[in-house]
Every structure is written in C-alpha cells, then in structure tokens.
Amino acid sequence: MPQDPMDFEWSYWIEWGRERILWLLAGHLLVSQVSRLLVEKYKPWCLMVYGMAACWLLLGIKGFAVILLHAAISFAVAQFQLSLLTWLCSLILLSTLRIPAVEETKRKWYDTENEYYLLLFTVSVRCLFCTSFSLEYCWHAPTQKSSHSFPWMLAYVFYYPTFHNGPLVNFDEFSKQMRRQEAFSVKTNLSILIVGIIRIFFWWCLAELMIHLMYIHALYSSALPLESASYWALGGLALAQVLFFYVKYLVLYGVPALLLRMDGLKPPALPCCVSLMHSFTKMWRSFDVGLHRFLVRYIYVPTGGSQSSLLGTLLSTALTFAFVSYWHGGQSYLWYWGALNWLGVIVENGTKRILSISLIQDLI
C-alpha cells in the first residue's frame, strides 16, 4: 500500500537516515564506546573530531565552513560578555538563513534541494547551540575558564547525535556531564542499546503504519474533503495529526537520546503523549523538553519571567514565543501560531492566579 507522501519532515529524515545519517550515528557510537573504554579523559575531543569529519562528509567543505564560521563569530562576540550583544549576534546569524541571495548561493553548492535543506536545518539547530554556549560564556566565573574555551565550544557544536535535528541540550548540562568520568560497563551499555533499539523500532513501525493507512496529511492538503467533513470528523483528524506528530518525534528524538545515554549523558525527556495534555503550559513543558529548557534559561528568566510584574511576565512570555516563531522560519502562519500559544498560556496562568485568591477559593 502506498504511503502518504505529504508529511515532508518524516519522509525527509527517514530518507537521509537510510542513506547516510544512521551509518554516521553508528560510527559515532563505535568511536564513543572505544574512547570510553580506552581513553575516557579524551572522549570529548575524540567525539569532536568525529563530528567535524561527519559534518565535512555530509555537508561538504563549504557547509562545514559555514558552521565553523558561525561558531567562531559567536565565540568572538561572547568575549565581550554582554548577553544583549550575544543575542543580537545570534539573531543576525539566524537572519542570514533567510536572505534570498545567500540562500541562492548555498543552493548552488549542492546537486539536490535535499542536500541544501540538510544544511539549512543543521545550521538552524547549530544557531541555538552557539547561543547556549555564548550566553553561558557571558555568565561563567573566571574559575570556569577552562570549560568555556573554544575547543569546548567545538566539542559541543559538533556533537553528532544532536547535530542535524536536535534534541537541544544546553551547554551547562552538556559540559558537566561530558567532563564527568564514571565507571564504564560494556554489559550495561549493551542492554541499554538493545532495549533502546527495540523501542525505537516499535515506534518507527507504528509511524509507518499511520503513514500508510491513515493519510492524515493528504486529507489536510485538499480543501474539498475538509469542507464536507463534520465537526467530529475534523476533530478526529486534528487528533490523529498531533498523535502522528508525537510518534514521529519519539523516533526522531529517540535515536539521538539513545546515543546520548550510551555516551554517559542524560538526554532531555522524550515527548509526552499529547493525549495526556490538557493545557498549553504542559504542552510546552513536556513535548520538546530541550527547547523548553533553552527558552526558560536564556529568554524567559533573564527578561523577568514569573518573578516580575504582570506586565513584565506578559513581555517575557511574548518574547519567548516571538523567538520560537522566528527560529522556526518567521512565516506569517508561524506568528499566528506563536500568538495563539502565547494567548493560551496567558489565559491559563491568569486563571490560575484568579483561582488562587482566597476569596475565590472560599466561593469554590
């Protein structure tokens, strides 16, 4: 039975995975386990060299140079130790991905659109990693200088399991865990690997069944069946789509999360099932946990967060969702999506504040 071809993201990453990425991830696993067994002290540098080689192989010398240049510029700006300047640099670097002349130049580097898109997706994710390192550099104490050097930035930026699509791991967490040396057990790691592969294979089979049998995205791409469907049917289609999105990210984040565990790191929790969620706030906290931690640590809290006035909280939340919308592409529909999510979070938090008033609690 033919599959639904309309979900670009799933088709794209599965194709790349089968062709090269899974093999490169297997290579990372081999290098990681050998280095943990023989040269634990030099594991970060072994993985850094492997990640740089994998980047060169997959994106070519020009793609590798772009990512290295982004890292070098971010590190140079971070030397001023000004958070606002670091953010300005990050936003400018991110904006270069949307300049038509630059896009056209990068397209000419590759034979196919898929190769160009791989560079685009990779650089977008690397921008977040560069931002995380740079802000941690701005905040670090003089005694932490050795763990905030440019080689550590490269080890973080070129860490291969999270290289193309995430999940996002903040530099402070990555650095602490990567520098921690602990007992290595081949037997324990092998059991983690086998169980992890079985789980990911189950999720992949489930996603493939949904793609081949449900045709959710094909239905959404045509107005005629949607116009003729009842409200109950539309609700069912919406639920089916978000459930597929959930299963898809169990696979896309499950593979790198498994490799993180094999490297002795603690990955962000995998997405929580959307059927268990009933609020915007919980959705943002527990679906993409790595992105949520990034947004809270580097945008929400520094701009005031929940500790500031009501107006300050509204502004912090607005800036957070504005960045999410811009990072995802900045198209008009993404701004609407961000605004609706912002409104949902504000209404929920406002309702909680009202219900926490003693008079209202007494009435209830």
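The backbone N, Cα and C atoms fix where each Cβ goes, glycine too.
Keep in mind that TrEMBL annotations are predicted by a computer and have not been checked by a curator.
If you look up TrEMBL, you'll see 20-39 (among others) marked as transmembrane segment.
Positions annotated as transmembrane segment by TrEMBL: 46-69 (among others).
Here TrEMBL flags 75-95 (among others) as transmembrane segment. Long-range neighbours of the transmembrane segment (75-95) within the same chain, counting only residues 6 or more positions beyond its ends whose Cβ lies under 8 Å from a Cβ of the stretch, are 124, 127, 130-131, 133-135, 137-139, 150, 153, 302, 326-327.
Outside the transmembrane segment (116-135) by six or more residues, the chain places 12, 16, 55, 58-59, 63, 66-67, 70-71, 74-75, 77-78, 83, 86-87, 89-90, 93-94, 97, 106-107, 109-110, 148, 152-153, 156-157, 162-166, 168, 170-171, 294, 298, 327 with a CB less than 8 A from a CB of the stretch. Annotation comment: TrEMBL describes 116-135 (among others) as transmembrane segment.
Here the transmembrane segment (150-169) has long-range neighbours at 13, 16, 21, 24-25, 28, 44-45, 47-48, 50-52, 54-55, 67, 71-72, 74-75, 118, 121-122, 125-126, 128-130, 132-133, 175, 178, 252-253, 255-257, 259-260, 263, 265, 267-268, 288-291, 293-294, meaning same-chain residues at least 6 beyond its ends whose C-beta is under 8 angstroms from one of its own. The transmembrane segment feature in TrEMBL is assigned to 150-169 (among others).
The annotation transmembrane segment is assigned in TrEMBL to 190-211 (among others).
The transmembrane segment annotation in TrEMBL covers 231-252 (among others).
For 310-328 (among others), the entry in TrEMBL reads transmembrane segment.
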Same-chain residues at least 6 beyond the ends of the transmembrane segment (231-252) whose Cβ lies under 8 Å from its Cβ atoms: 7, 9-10, 13, 165, 200, 203-204, 206-207, 210-211, 214, 216-217, 219-220, 270-271, 273-275, 287-288
